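K.L.:
Sharing a structure below in structure tokens format, with a few things to ask.
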């Protein structure tokens, strides 16, 4: 795309710069309005400066992606109410053989769960569990928090529903769920293993000891303590965390919310429920939540429309709950949806200036994915941009350009270029604390924990995050797209 007129390029760059500044530094002193308002401000400036028309701005908002995000948050809320993440927490503690064993469990469970339930959701729910498990065994919290954050990002790379940038890539590339999964799965598994090995090597001495007796695990003392602390926090301080990238509130755990799907407010239930025992009612609702979620994943693999499949699953859970859905819908992070809407408009306007295309034209000859050098250059560009401009804007800015360049090589190269973009932009989030919303969630959840709080600083993270990101990215790249169907 040719460069637009100079005033349009300048005004578009200013509007995008405002968006970028507030996305990376949401509490900047002279304009502390946050990421969500910053995205809206960027969108408004694009229209006010006549970089993009109002009609084009509306057209740039990707409704299928917003619908999938919304439905995924609703389904995730019901799964938390059904105790899904509490069971994951128990799996971490069950017959633990020491600190190193627990470290491996945190890495594996978090990575696999993040691929299915998004990295942000897993970090919201599992952070306090991990803190409690480490404290019970007199183990340092830092290695486990790093394992949680980095494994969540690596694991989320494997599926289109693992993180927001993968959603964008899946919709724009038209790659099916199963092709996306198989294309990145080998890299994800290798990356998870390498990341786990690096954590063990770096913190081997600190992880000595920490074995848990079978009686203690059977009694479930760890999980009871965590739930008690979280319920106390909910009663003492009912307020929003204010993180636009957090898909659901951390207080939505099973048994901790009187408005949850599993609560027994019998007066609001259907008469059919009145004729059932309390145990059967709860068992039916929980079983239904698990069954329809499995059905949703199967539908994804069969190639059905992901957005409407997720929305259908969400509304099925709402209908079977037999209650006013407002309490459940209130837990959706609407600020995240607004952020995405503003970002779509802002990035679309910036693209219309022609500046991203002009910059890419300079880099394209050195970024061919059919050569090792080209793949290396492209990966470095994606990695740097993902940490400077965040991963979702990077995907929106570079996706079409990278795919167009790959189309001159072969159709298979186009698919591999999208998968490469998904892998590198996701793993790049592990480089620093600011590289991923999941990192910030772990940091804030750990700092605000009612029990065993821990302050994970920027430097604590980057000391491990930098080498891990470089090694995991490099090892995963040759494995991208090796399995085709």
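A Cβ is built for glycine as well, from the same backbone N, Cα and C atoms used for every other residue.
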K.L.:
I'm validating the feature mapping. Which of 314-334, 377-397 is tagged transmembrane segment in Swiss-Prot?
P.N.:
377-397
K.L.:
Of 85-105, 106-126, which range does Swiss-Prot call transmembrane segment?
P.N.:
106-126
K.L.:
Any contact between the transmembrane segment (461-481) and the transmembrane segment (37-57)? By contact I mean 3+ C-beta pairs closer than 8 Å, pairs at least 6 apart along the chain.
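P.N.:
Since fewer than 3 Cβ pairs under 8 Å link them, the transmembrane segment (461-481) and the transmembrane segment (37-57) do not come into contact.
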K.L.:
Within this structure, do the transmembrane segment (59-79) and the transmembrane segment (283-303) have 3 or more Cβ pairs under 8 angstroms, counting pairs 6 or more apart in sequence?
P.N.:
yes
K.L.:
Going through 106-126, 336-356, 377-397, 418-438 one by one, which has the most CB pairs that fall under 8 Å from the transmembrane segment (59-79)?
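P.N.:
Checked against 106-126, 336-356, 377-397, 418-438; highest Cβ contact count belongs to 336-356.
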K.L.:
Find the member of 106-126, 336-356, 377-397, 418-438 that has more C-beta pairs under 8 Å to the transmembrane segment (37-57) than any other listed stretch.
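P.N.:
Against the transmembrane segment (37-57), the leading stretch is 336-356.
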K.L.:
What else in the chain is close to the transmembrane segment (377-397), if you only count residues 6 or more beyond its ends and a Cβ gap under 8 Å?
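P.N.:
Those are 19-20, 23-24, 163-165, 168-169, 340, 343-344, 347, 350-351, 356, 363, 366-367, 369, 420-422, 424-426, 428-429, 431-432, 434-436, 469, 473, 477, in sequence order.
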